[in-house]
Amino acid sequence: MTGKGNEVLADYNQHSVSVRKKFYPMNISVVRKRMESQGIILQLSALIWLTLQNSTHTLLLRYSRVRVVEKVFLPSVAVFYTELLKLITCLLFIIYEEKSVCSMLNLVKRQVFYNLKDTSKVCIPAMIYIIQNNLFYLAASHLEAVTYMVTAQLKIFTTAIFAVIMLKRTITRKQWLSLGVLFVGICLVQLDQQGTKKTFFSDPYLGLSASVFACVLSGFAGIYFEKILNTSPSVSVWIRNVQLALFGIPSSFTASFMKDHETIFNEGMLYGFDMLVWIVVFWYCIGGLSVAVCIKYSGNIAKNFATSAAIIISMVASIYLFGFIPNPLFLLGTGLVITSIFLYSS
């Protein structure tokens, strides 16, 4: 009985080994193919989403400022509600990561309110972001959607300059060349705008000045914030954004009353707000989050591709929505800007 039992057991073991040899590698390959296909789908989804988000945001922002309505919303108030919505969004993500509201509250209390010295580090970029966002609203009010979007790419140039100065980062010759191409492209786009007449509702020179100043502030604040993140890696980006909001909300609230106190006192803070304005506020809020998601799942080159595609989409849409007619000088400048974006990251 023992000999037969051993033979049966040996046959069984041999059969199970053969089964494993036959099917196990195939299961691994199937799983690997499924994971690869899911990864590709996720990358494409992030890329498509960021492209649509960038182009839609620019078009919505421009349309919300130039449409003919009885009551036009106050950009300073829109910035305040954007900061408020950012805080809520970040708290929701912390709840998702910590798995409970109580854990989120304890984490925020410990890393934000009990560590005021660390929290105070974000005071400067928080103030700058408020000014920057108000300037971008001003620029969108006076520039065509695609012109606004192309000019906003100047923040790549300013960010690189501040990275060299503040972080002692090295930039290659190829990247310096791309920054030069970027600068020339933006100049060509603005030369095209010289033919645009100043009207009661639109002043291209004011829009350009606001956009350039906003890009300078964006570059400085972005590198300053990156330096904070690098020196305190234990603090998550969501907590940092909560800290930013704690300074940004009262700052934007104060700025709105300083700039538009008469309208706010007479008409209220929601003066001119409708569904479109709330969509613009929401779109502004998720813009930074969309970039982070795209970089995480698709990479920085994909982000640049999305930006370039969004510029083209905005240009085509502006032709139909706003009657924008690009000339060869504008097309050349836009092409140089798109080329520089890829050249800088390659």
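Easy rule for this one: first residue shown is 1, then count along the chain.
Any Cβ shown, glycine's included, is placed from N, Cα and C.
Annotated in TrEMBL:
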{"type": "TRANSMEM", "residues": "40-60", "note": "transmembrane segment"}
{"type": "TRANSMEM", "residues": "72-96", "note": "transmembrane segment"}
{"type": "TRANSMEM", "residues": "145-167", "note": "transmembrane segment"}
{"type": "TRANSMEM", "residues": "176-193", "note": "transmembrane segment"}
{"type": "TRANSMEM", "residues": "205-225", "note": "transmembrane segment"}
{"type": "TRANSMEM", "residues": "237-258", "note": "transmembrane segment"}
{"type": "TRANSMEM", "residues": "270-293", "note": "transmembrane segment"}
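Counting Cβ pairs closer than 8 Å to the transmembrane segment (145-167), the top stretch among 72-96, 176-193, 205-225, 237-258 is 205-225. Comparison of 72-96, 176-193, 205-225 by number of C-beta pairs under 8 angstroms to the transmembrane segment (237-258) places 72-96 first.
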